[in-house]
Amino acid sequence: MANVVVVGAQWGDEGKGKIVDWLSERADVIARFQGGHNAGHTLVIDGKVYKLSLLPSGIVRGGKLSVIGNGVVLDPWHLVKEIALLREMGVEITPETLMIAENTPLILPIHGELDRARENQNSVAKIGTTGRGIGPAYEDKVGRRAIRVADLADAATLAARVDRALVHHDALRRGLGMEPVDRDALLAELAKVAPTVLEYAAPVWRVLDQKRRAGKRILFEGAQGALLDIDFGTYPFVTSSNVIAGQAATGTGIGPGAIDFVLGIVKAYTTRVGEGPFPAELHDADGQRLGERGHEFGTVTGRKRRCGWFDAVLVRQTCATSGMNGIALTKLDVLDGFETLKICVGYDLDGEQLDHLPFAADAQARCTPIYEEMPGWSESTEGARSWADLPANAIKYVRRVEELIQCQVALLSTSPEREDTILVTDPFED
Ligand code: IMP
């Protein structure tokens, strides 16, 4: 039996939803290990559209255990809303099908307020966040002033934790010209939401250990993408969690040895939302066309995504930092009809050719992409279910991508439909 980690290999929005859904159907446990409700997964099952941003994708399938690990930051009010919405759609959610780690830090309304205040403050500070309080909640976690799920069980502990957090937040808010936090109102809101959250609270590390020993299949569902990783992403234009595969272990409490296969989700071109460097970004008709054909608008914020050619340098980097065992290549059909395709194979930095993106911001800004051109294909690849269905030039493109990123294609997705997939390697059986 294998345990599989799925991570986005670019800046998020690689089309994880369909792949995660396909894998979660065959898993016993589906666990989230980082991020929060900044993620946006759309699942289409039997014609019904489910939009998830906090709960693991497995929740919509009966008979599975869905787990929120300690590496996630959890907005309890959002949790209540998402559960209610799914229940209205007929999804059964019980303490047997959903467990939340007791040591998960909470996102409070003050985190969202701070996130948005900073974003609106001035252009120097702007990251282009989702405004959902993710960064400030993680800051409180490492600042040792977070309120965690287990704290909701005892009124005295909760009040003490809130007081500890407010010493910091009120000082910060004063500096930003914001009103101090209404402590009693916050405590009252927390007391109201506590019973729902506590219903699902569990020692997740222990449950996962038991499942693993019983030979159950665990799917670790990553959110965002490895280029948004707090350490290895395009800092500071990143999210505030570790996104790379190693986080599956620390974000749930399972040892790294329990992970058997890391699957990277890779889009056949590149997109990003929010601010930050993007060497292969296109500002021309080709970029426009990628955005239109790929329906590149954010699921959470509705923002238009920036588009560019496939950047093999960055994906080779994320395949290395996540230890990818294979990739799922998505949205190949968006490239149908381009006469010529380009792949970024290196960067030119002041006349020197680099095979990676340097961390220094000034060097990043001076990096210009070095492109390799490949002939496109006029035929449609949409809905292809075997290699034989693909035009020769499309196969050449995929093979060149594999070569450049030094990682093999395990799955090739050719439309949002689940059946439109070419399976090369099954991550659970590998
Ligand atoms: P935050 O996670 O809201 O703090 O946003 C930080 C950066 O990550 C911004 O550039 C966001 O656009 C980006 N981001 C966060 N979540 C996602 C996602 O699920 N897909 C793509 N980008 C994301």
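In case you wondered, yes, glycine gets a Cβ from its N, Cα and C as well.
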IMP binding, same site as D13, E14, G15, K16, N38, A39, G40, H41, R144, Q224, T239, R303 - TrEMBL member from T129, T130, T318, T321: T130
In sequence order, those binding-site residues of N38, T299, R303, R305 whose CB lies under 6 Å from ligand 1: N38
Other residues, Cβ within 8 Å of T299, V300, T301, G302, R303, K304, R305 Cβ centroid (substrate site): G40, V273, F297, G298
Euclidean distance between Cα atoms of D13 (active site, proton acceptor) and T414 (GTP binding site), Å: 16
G12, K18, H41, V300, T301, R305 filtered to the recorded positions whose C-alpha is within 10 Å of T130 (IMP binding site): V300, T301
Residues that sit under 8 angstroms from K141 (active site) by C-beta distance, when 6+ apart in the chain: V73, P105
Rounded Cα-Cα span from G40 (Mg(2+) binding site) to R303 (IMP binding site), Å: 12
